[in-house]
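Undergrad: The structure's right below; bear with me while I get my questions together.
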Amino acid sequence: MPIDKAKIEKAVRMILEAIGEDPEREGLRETPRRVADMFEELLEGYDFTEEYTWFTEATDLVVVSGIRFYSLCEHHLLPFFGVAHVAYLPRGKVIGLSKIVRIVNKYSRRLQIQERMTKQIADEISKATGSPDVMVITEAVHLCMAMRGVRNGAPTVVAAVRGEFERDQSLKEEVYRIIEPHRLSRVIALSFF
């Protein structure tokens, strides 16, 4: 989806004027262009195309944990950010680990809500691996909630649990044990930014 940067720049100028600012003053003169460039970068997930290469024949649990992501809330255009944890049981094929990170980026770098993003990641992991046994957990802080409204930055946790992970409680618990060191509260403590 190509972004119309000229329209974004015009809209940002109008917003600046609407709040009583002078878009030509020092410090704001380049803001419309910077905002357009920012949206182009933050929304690059719409242009994601990926071919998947399968590697080894495997059946053991695969977990990629603590994948950092940034997204934009579609309701307020404010960031939400956090970590994603992806687990799946291969059905004879394993995709490259970097592909899992790219899938998270594909769906986080869009106007989003966390619930839909988590489901989309799980769907794509299932499609890419050919496995119905997928578990995706996302943990995020939403600035639309932290900076406005209730003004509370409590993390939101969303899980998409499919296949064996739904049926086998011990398997689900194993994933939670594996991801524990990479949970959002620990990542933030280690400096997310």
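Quick reminder: no glycine exception, Cβ is built from N, Cα and C everywhere.
The Zn(2+) binding site feature in Swiss-Prot is assigned to Cys73, His76, Cys144; the stated evidence is sequence analysis.
For each listed feature, how buried is it and what is near it?
TA: In the three-state DSSP scheme, Cys73 (Zn(2+) binding site) falls into the strand class. The Cβ of Cys73 (Zn(2+) binding site) lies under 8 Å from the Cβ of Pro79, Phe80, Leu111, Gln112, Ile113, His142, Leu143, Cys144, each of which sits 6+ residues away along the same chain.
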Undergrad: Residues other than Cys73, His76, Cys144 within 8 Å, Cβ to Cβ centroid, of the Zn(2+) site?
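TA: Neighbours found: Leu72, Glu74, His75, Leu77, Leu78, Phe80, His142, Leu143, Met145, Arg148.
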